[in-house]
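To keep things clear, I will list the structure first and then write my remarks on it.
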Amino acid sequence: MRLDNKVALVTGGTRGIGAAICIRLAREGASIVFTGRDIRAATPVISAIKECGVDAFFHKADVTDKERMEEVVNEVAKQLGSLDILVNNAGITRDSLFIRMKEDDWNAVINTNLNGVFNVTQATAKIMLKQRSGSIINISSVIGVAGNAGQANYAASKAGIIGLTKALAKEFATRHVRVNAIAPGFIETEMTKKLPDEAREKALAQIPLNFFAEPSDIASAAAFLASEDSRYITGQVLVVDGGMKM
Ligand code: NAD
């Protein structure tokens, strides 16, 4: 129970990696507040969190709505007394070759994946800096580290997250607020299920461990970065990719 008495906020927690992170942090003892755009999708996650014996709260909120996210963050701190862990997980893809990429698809991905992190983190940081403790975990991607043809918007947003992580780690360190990123490789979620078989086979051939990860593999990395086990780690990108990009 590494996270007893801690309060965690996870964005986009209704499914996939976000839901797995909510449940794993709950198993470690943290009270969980998670956001998403669909209340119905939140119900099974709320039940799974409560089964761990901790409090679960869901807020319908879009990360692109700065005002709404500030409202949620401030409500969490007021209701639960602190905000110790933030996981910026919400993310989307709108893939196409760059030459054909629609401006709307560029803007949607940057707005959700990068501006969304700004929106939530600025409000959260004010609380964490005041309380002089906290762990911020940004879900980037190996695509942000290495790039990928057909994903220029996604790569730019995820590389932006890495730069932001390092800048904030330096800005917040004296107040004991740590900021790290996780760069997942290929994880079995709705996001990757929509890829054609050929793309999946190509990806598998590049993974030395020779299997796709489960969302729980990212959740265990998040639990480590959230806990005091990583108290001397800040500004880092933890790559969880089965050796794909080494
Ligand atoms: P997913 O599509 O299954 O889940 C994404 C979640 O984010 C959903 O709950 C969705 O509703 C939410 N979301 C999207 N836009 C939102 C918005 N504007 N406001 C609030 N919530 C929003 O995807 P996933 O695979 O679980 O991905 C989670 C994170 O991990 C993303 O940031 C993704 O880029 C990253 N990632 C995933 C993989 C992978 O292989 N699946 C690899 C690397 C990184």
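Cβ atoms are placed via backbone N, Cα and C, with glycine included.
As the structure is a computational prediction, the values presented were derived from the model and not from experiment.
Copied over from TrEMBL, here are the features:
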type     : residues                                                    : note
ACT_SITE : Y154                                                        : active site, proton acceptor
BINDING  : G12, G13, T14, R15, N89, Y154, A155, A156, S157, K158, I187 : NADP(+) binding site
DOMAIN   : 6-189                                                       : domain 'Ketoreductase'
Cβ neighbour count within 10 Å of I187 (NADP(+) binding site): 21
Annotated recorded positions Y154, A155, S157, filtered by Cβ under 6 Å to ligand 1: none
Helix, strand or coil at S157 (NADP(+) binding site) [DSSP, three-state]: helix
Mean predicted confidence [pLDDT] for the domain 'Ketoreductase' (6-189): 98
Which same-chain residues, if any, lie at least 6 apart from N89 (NADP(+) binding site) yet have Cβ under 8 Å of it: V10, T11, G12, G13, I17, G18, I21, I139
Residues G12, G13, T14, R15, N89, Y154, A155, A156, S157, K158, I187 [recorded NADP(+) binders]: greatest CA to CA distance in Å: 25
Neighbour tally for A155 (NADP(+) binding site), based on other Cβ positions within 10 Å of its Cβ: 21
Sparsest-packed among the binding-site residues, when each Cβ's other Cβ atoms within 10 Å are tallied, from T14, S157: T14
Neighbour count (Cβ, 10 Å) for Y154 (active site, proton acceptor): 23
Cβ neighbour count within 10 Å of G12 (NADP(+) binding site): 25
Between the residue listed as 'active site, proton acceptor' and I187 (NADP(+) binding site): CA-CA distance (Å): 16
